[in-house]
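Quick look at what TrEMBL annotates:
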TRANSMEM  27-49  transmembrane segment
TRANSMEM  61-85  transmembrane segment
TRANSMEM  118-141  transmembrane segment
TRANSMEM  153-178  transmembrane segment
TRANSMEM  190-210  transmembrane segment
TRANSMEM  222-241  transmembrane segment
TRANSMEM  283-304  transmembrane segment
REGION    338-360  region 'Disordered'
COMPBIAS  339-360  compositional bias 'Polar residues'
Amino acid sequence: AGGGGPDGGSLAGGGETFGDRSLSQGLSVLVGLGLCVTMLGLGCAVELGQLGQQLRRPVGLLLALLGQFVAMPLLAFLLALIFALDEVAAVAVLLCGCCPGGNLSNLMSVLVDGDMNLSIIMTASSTLLALFLMPLCLWIYSRHWINTTVVKLLPLGAVSLTLGSTLLPIGLGVLIRYRHPRAADLLVKISLWSLLVTLVILFILTGTMLGPDLLAKIPASVYAIAVLMPLAGYALGYGLATVFKMPPHCRRTVSLETGCQNVQLCTAILKLTFSPELIGSMYMFPLLYALFQSAEAGLFVLVYKMYGRDSYKQDTLGEEEDTDISYKKLKEEEVADTSYGTVTTEEHNSIQMEPTQTAL
């Protein structure tokens, strides 16, 4: 089952190592718990008032739709064709490209002075849209490999079921935000830390399960896609926001939202819906993507801190100065208006107007 391409033999070998039931079951539990905590944190970050505003002016919803379910799936499909991936690697790449936005983008948006309301709404919107659009995108773009074993066994029903199961923790998080805002803030922080911890543990456990020759089992082309795909996603997101003529801080937000995928969801789908013998070492792709999307987003933040933050402060200061200038002009006009005469009071019931001379 692991065959079908030039790397079929190595993938099958990875699948045999994946057959350790104790490690595999423990990994499944970890992936499931990590996904639940992530979705709970996402729900806790959403406020009902913000949702109402977005429904009246659904720019964030439209950007999430175009970025996550038009640009990224098409990008994943093109990269799979350009690098001539076999069907196993192609399905893993497509699955990652069709995933909604991840929580990493919310954290990075804070670090680049982005629009946090837009970031959270885009992440939440893409997660809800994924329930219908992710299986559709997978079905459309996997047609190129339709005659292969992996695509014939592509469990679209299981993908939909996994996506549907994420609605419960999201709804619970929204309820907690509505009734207990302080607890919601704490859960958001916990979910962000769990993202980092879960990824580190997954790397360690997966490396143990696949053995020391893990790197040799994954084609070089897959590593290249893991590097290029998030980078191209960031560029596509920035270009998309530019087309919509959004301000710079919103462009940075949309850029991060587009390039950052929900790798926990992708990992959960690969782990819970495909047999280890079938998916083999391609289970590692979302983890590699997470590694490079984090590194590249970190570089994005570093460049902004070094070069972009000063211009952001200057723009903000400029706006404040404009306000001060307008206020000063207003005060001057008020003074000029009163310069035609001064009111003085000599007694309680008498008021006298004293003319003043104005130099022309």
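Glycine is no exception: its Cβ is also placed from the backbone N, Cα and C atoms.
Automatic, uncurated: that is what TrEMBL annotation is.
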The transmembrane segment (222-241) vs the transmembrane segment (283-304): three or more C-beta pairs under 8 Å (separation of 6 or more)?
yes
For the transmembrane segment (27-49) and the transmembrane segment (118-141), check the count of CB pairs under 8 Å (sequence separation 6 or more) and say whether it reaches 3 or more.
yes
